[in-house]
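Beneath this line is the structure, given in structure tokens, with notes to follow.
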């Protein structure tokens with residue numbers, strides 16, 4: 001059917017190279033005379049189209065890349081509207097260029113920045129969406145030269161200060177990388193001692209008779225972990241059993257007593273390289289004293305059955321160190337709470353004290 005008012009002379013012959021309806025025509029040389037005459041009579045573009053100033057907007061000579069894509073964004077600035085060009089190249093970069101009018105007849109280009117894209121990036125697609133994952137996540141290996149070397153990640157290297165992305169173009173004498181052997185003893189000479197000095201000793205509190213968990217997780221999944229217990233200058237290796245449960249994330253001390261107080265060292269070994277991952281000072285609080293002090297803040301104080309040991313502890317009150325330890329424990333607990341939780345706890349205490357004051361006034 002031909003639309004009304006449409007001349008059949010304007011319809012092109014149904015001939016297309018490689019088309020579905022003309023599989024026998026593979027080249028324009030096979031066109032019929034009718035098709036060739038129609039093409040000559042209906043050119044799509046007779047004259048070339050030049051830019052406004054009759055010259056290319058952006059010219060690059062002597063470079064090892066080609067432009068492959070173009071996106072233009074019109075930006076409204078304070079002094080007018082400008083066109084910003086985003087030029088994609090075949091080497092995986094995007095150039096951000098703005099073309100500025102120099103005078104009524106000339107223009108100048110200004111390269112704002114060049115951004116690397118698609119380099120060392122992994123794109124994962126699913127029905128839910130698209131996710132971009134960086135191939136180099138060097139920060140997860142820690143800030144130590146030994147951890148960066150033991151990771152044996154070809155994307156990462158130690159640059160003298162941190163574990164950062166490694167590129168062939170980056171040439172620095174302080175860079176350390178050993179993917180084949182992963183030997184920090186050879187690669188990180190002089191840096192290992194600094195790490196041991198920077199390792200901070202954390203203080204952890206436990207209540208007598210309860211359990212506590214000492215956390216230690218090496219950066220490398222290939223490392224083997226050993227715990228040492230230090231008390232009065234003597235160290236011994238902690239083994240399974242005897243109230244100690246070892247896990248991949250640390251150790252669980254099931255029932256604490258005063259003899260468990262001391263310094264715990266978590267040592268990791270990999271490729272014959274040993275280093276301390278964590279150092280925890282465990283302090284044990286007396287259970288009777290904690291119960292007596294915490295019972296004063298309960299909404300419904302429980303009647304304590306004071307045994308001889310508790311009576312001796314509460315009657316003579318010679319325990320300033322215990323009170324100081326409990327205050328430190330409470331302070332560390334409050335620091336772990338977020339501000340919202342702190343406000344709720346503070347309102348609860350204020351309300352309880354206000355109610356107690358009214359009761360005393362009525363009495």
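Every residue, even glycine, has its Cβ placed from backbone N, Cα and C.
In TrEMBL this protein carries:
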type	residues	note
DOMAIN	1-135	domain 'Sema'
DOMAIN	208-278	domain 'Ig-like'
REGION	300-320	region 'Disordered'
REGION	337-363	region 'Disordered'
Could you give me the DSSP helix, strand and coil counts for the domain 'Ig-like' (208-278)?
3 helix, 40 strand, 28 coil
Within the domain 'Ig-like' (208-278), what mean pLDDT does the predicted structure show?
86
